Amino acid sequence: MRDRVTAARRVVVKIGSSSLTTATGGLDDGRVDALVDTLGGLAAQGREVVLVSSGAIAAGLAPLGLTRRPRDLATQQAAASVGQGLLIGRYAAAFARHHLTVGQVLLTVDDMTRRAHYRNAYRTLRKLLDLRAVPIVNENDTVATEEIRFGDNDRLAALVAALVDTDLLVLLSDVDALWTGDPTRPGSTPIAEVHDARDLSGVAIGGAGRSGVGTGGMVTKVEAARIATGFGIPVVLTSADLAAEALDGKPVGTLFHPSPRRPAARLFWLAHATSPRGRLHLDPGAVEAVVDRRKSLLAAGISAVQGAFTAGDPVDLVDTEGVPVARGLVNYDAVELPGLLGRSTSELATALGPAYEREVVHCDDLVLL
């Protein structure tokens, strides 16, 4: 499987704040240069590189006289507005030494959850690669709200990897691999490869890194690996210090094997890029129809409605215990549905007209979770 690492023609690399900054929060020029030298080497081989980089907030701390990452959103956004310019400027200078141009792409959750925005992000990234530029992607921390944000760039990196149909995703942090437990505790050992979820049984995944300047931990990295491998993309998780060795196919870090079956891009987007705007509670018969027989969801099988959504929004379909079993694009507004619950399509068509004969969620717009 390591041969897929060296054979990858398009690579998405994600690096966290703690791997780019000094202990006081400023950008570490040596670390930035080391990363860019590695990625510049890939580009020199004719390989395409997309960099998903945290660090805007961390880079803005020192210039603003802050000694630690702020807890409140307003100060975080102020730091990001200062730090993002410093971060992209430093990258531009470093990549210029390799005769490479960078393009800044700032994304919000809304850009990924709205299908039209998602497709536009794809076109921008695709054109940058066609023009032999290096896209540098980050969450737009300056405008993201507390309620709707990625919070870390691990999930964003996995979504970008699928968006550009990459051959490899590399997650870099301050930890050299996924371990069976806390790396500082006796008895913990690194995990070389993960074939599927069964390989993680009994593994204590946790921790938020060592530096205190980032937001991601091992949990978010494993989740990002799950998302990317589910789309057929191999993932390598290792430290920034081992980036060159990892990209050279050396047996460092943890290699997550991809799923042999890739879902349709639209269903992948629905499952992983969208945020549900509501919940539809299903009776046992509807759960069986949707999950086991992959049927459309009809009003007759819904027992309750939660949330404020409009037709076309993503909603979660939950079982009698409240556990999400599927996600789909709903065909009705939330205010319409309560009067339709428990009624057959023929009854609705007779009472309200043929427009109400449609499914609540069509099977083509539904993905199991």
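Each Cβ is built from the backbone N, Cα and C atoms, and glycine gets one as well.
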Per Swiss-Prot, member of Asp141, Asp165 binding substrate alongside Ser54, Asn153: Asp141
Top Cα neighbour of Thr220 (ATP binding site) in the set of binding-site residues Ser54, Asp141, Asn153: Asn153
Of Asp141, Asp174 (the binding-site residues), the residue whose Cβ has the fewest other Cβ atoms within 10 Å: Asp174
Integer Å distance between the CA atoms belonging to Asp174 (ATP binding site) and Asn153 (substrate binding site): 15
Cα-to-Cα gap, Ser54 (substrate binding site) vs Lys14 (ATP binding site), nearest whole Å: 8
Pairwise C-alpha maximum, in angstrom, for the residues (Ser54, Asp141, Asn153) that bind substrate according to the record: 11
